[in-house]
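**Student:** Pasting in a structure now, in structure tokens, and then I'll have a few things to ask.
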Amino acid sequence: MSFQELYGTAPEGVWAAPGRVNLIGEYTDFNEGFVMPLALPHTAVAEVSRRTDGIIRLYSADIEGGIVQLHVDELEPLTNTSWAAYPAGVVWALREAGHAVTGADIHLTSTVPTGAGLSSSAALEIVTALALNDLYELGLSAQELAVIAQRAENAFVGVPCGIMDQTASACCTEGHALYLDCRDLTTRQVPFDLAAQGLQLLVVDTRVKHALGDGAYAERREGCEEGARQLGVTHLRDVAFEQLPEALDRLDDEKVRRYVRHIVSDDHRVEQTIALLDAGDIRAIGPVLIAGHASLRDDLRISCEELDLVVETAVAAGAIGARMTGGGFGGSAIVLLEATDAEAVTKAVEEAFAAAGFAAPRVFEATPSAGAHRLA
Ligand code: ADP
Ligand code: MG
């Protein structure tokens with residue numbers, strides 16, 4: 001159903017916010033380190049009108065069940081377990097921050113695949129936040145909207161995510177990856193114009209989500225905190241790459257040592273990637289991506305058979321680089337390749353999956369796209 005059919009009038013405006021994929025820097029965010037996401041061409045789109053009576057009406061064209069109606073005075077954190085908690089949480093977080101949002105009629109639809117590690121949830125939050133920011137003239141910056149959206153997801157929905165996803169959806173620009181320092185939230189647009197160099201970045205969604213992943217995030221997080229404690233730093237971000245061998249010598253727990261090695265080396269890989277991209281040499285980041293995958297597989301141990309198979313097969317078929325991306329134990333991998341090799345590499349991955357008895361993966365191109373913006 002359209003906005004007009006649902007609510008009887010045309011919307012006051014239309015906004016879009018993208019999903020994202022992380023190029024390099026995994027599990028570094030909660031260690032106050034560096035990440036480097038880019039926005040996908042896939043977006044959540046919101047048509048929105050203001051209301052003055054406190055009522056919020058939410059509708060997703062992608063979910064059965066019709067309109068969800070709430071009231072701004074009755075928004076309680078952690079009570080709504082449906083999809084509506086994401087946009088409702090944004091209204092709650094804005095009001096908590098003192099912004100007078102007095103209701104809204106919202107129609108949502110999204111092309112961001114859900115649950116594939118591509119942040120369909122952040123896209124939904126950021127598109128809602130941007131629409132309300134514009135309509136209610138709140139004057140918040142893109143980064144401030146990201147902080148509001150993260151608060152919505154952490155405190156209202158109840159998901160302990162870092163700040164990367166929301167910042168990527170709000171702040172990315174076309175033809176760039178976004179360098180984000182998760183300590184002070186400094187950002188910088190790093191040139192990543194794949195098409196200009198005859199390259200493509202593919203996302204391979206394995207469509208699996210292994211149960212092993214439940215609890216693994218918290219376990220890795222605790223292991224990293226333990227490492228920081230033993231090394232006498234507030235966060236692993238404070239261990240310089242040059243000091244890594246010495247730091248590892250001081251750790252006696254084998255697991256903590258692996259986690260520390262991953263975090264400190266992945267922060268370093270972000271810096272290497274920036275230097276190479278600033279120098280205009282996208283191809284040169286291939287080995288950095290491959291090393292990043294090995295680190296996630298062997299040190300952090302969050303990969304799985306399907307993700308390893310994507311990376312091995314793609315590289316063997318001629319890809320320049322590849323690695324799993326996101327939380328791991330399933331979800332998606334990225335593959336950097338010559339545009340002319342895209343078809344052959346895709347075919348090789350699909351055949352390897354079929355031969356292994358895995359369900360067919362979903363493969364699409366990740367053009368570095370624009371962050372959240374108004375459409376109409
Ligand atoms: P990811 O963000 O990696 O896609 P999450 O589990 O964090 O995975 O978020 C997925 C959830 O976001 C869905 O289960 C749903 O509740 C919500 N969501 C995403 N896209 C939509 C949509 N188009 N309509 C309604 N809800 C959506
Ligand atoms: Mg999410």
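Cβ atoms here come from the backbone N, Cα and C positions, even for glycine.
Where the annotation comes from TrEMBL, it is an automatic prediction and has not been curated.
The domain 'Galactokinase N-terminal' annotation in TrEMBL covers 2-50. According to TrEMBL, the feature site 'Transition state stabilizer' maps to R20. Under the heading substrate binding site, TrEMBL lists E26, Y27, T28, D29, Y217. Residues annotated as ATP binding site in TrEMBL: S60, G115, A116, G117, L118, S119, S120, S121. The domain 'GHMP kinase N-terminal' annotation in TrEMBL covers 86-171. What TrEMBL lists as Mg(2+) binding site is S121, E153. Summarising the annotation, TrEMBL assigns active site, proton acceptor to D165. If you look up TrEMBL, you'll see 274-354 marked as domain 'GHMP kinase C-terminal'.
On this model, are these features tucked inside or out on the surface, and what's nearby?
**Tutor:** Under DSSP, R20 (site 'Transition state stabilizer') is assigned to a strand (E or B) in the three-state scheme. The number of other Cβ atoms within 10 Å of the Cβ belonging to R20 (site 'Transition state stabilizer'), over all protein chains shown, comes to 33.
Cβ environment of D29 (substrate binding site): V35, G162, I163, M164, C182 lie under 8 Å away, each six or more residues apart in the same chain.
Mapped onto three states, the DSSP output places S121 (ATP binding site) in helix.
Sequence-distant contacts of E153 (Mg(2+) binding site), defined by Cβ-Cβ distance under 8 angstroms and a gap of at least six in the same chain, are Y86, G89, S121, A122, E125, V159, C161, Q166. Following the DSSP three-state reduction, the secondary structure of E153 (Mg(2+) binding site) is helix.
If you take the C-beta of D165 (active site, proton acceptor) and look for same-chain residues 6 or more apart in sequence within under 8 angstroms, you find R20, P37, S119, S121, A122.
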**Student:** Specify all same-chain residues, apart from the site residues E26, Y27, T28, D29, Y217, whose Cβ lies within 8 angstroms of the center of the Cβ atoms of the substrate site, ordered by sequence.
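**Tutor:** Neighbours found: G25, F30, N31, V35, G162, R220, I263, D266, G327.
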**Student:** Taking the domain 'GHMP kinase N-terminal' (86-171) alone, what is its mean pLDDT?
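**Tutor:** Result for the domain 'GHMP kinase N-terminal' (86-171): average pLDDT 97.
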**Student:** Taking ligand 2 as the reference, state which of the binding-site residues Y27, S119, Y217 have a Cβ closer than 6 Å to one of its atoms.
**Tutor:** S119
**Student:** In Å, how large is the greatest distance between any two Cα atoms among S60, G115, A116, G117, L118, S119, S120, S121, the listed binders of ATP?
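**Tutor:** It comes out at 20 Å between the most distant Cα atoms.
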**Student:** Taking every protein chain in this structure into account, which of the binding-site residues Y27, Y217 has the most other Cβ atoms within 10 Å of its Cβ?
**Tutor:** Y27
**Student:** Looking only at DSSP and grouping its letters into three states, which state does Y217 (substrate binding site) belong to?
**Tutor:** helix
**Student:** Going by DSSP assignments with H, G and I as helix and E and B as strand, what are the residue counts for the domain 'GHMP kinase N-terminal' (86-171)?
**Tutor:** 51 helix, 7 strand, 28 coil
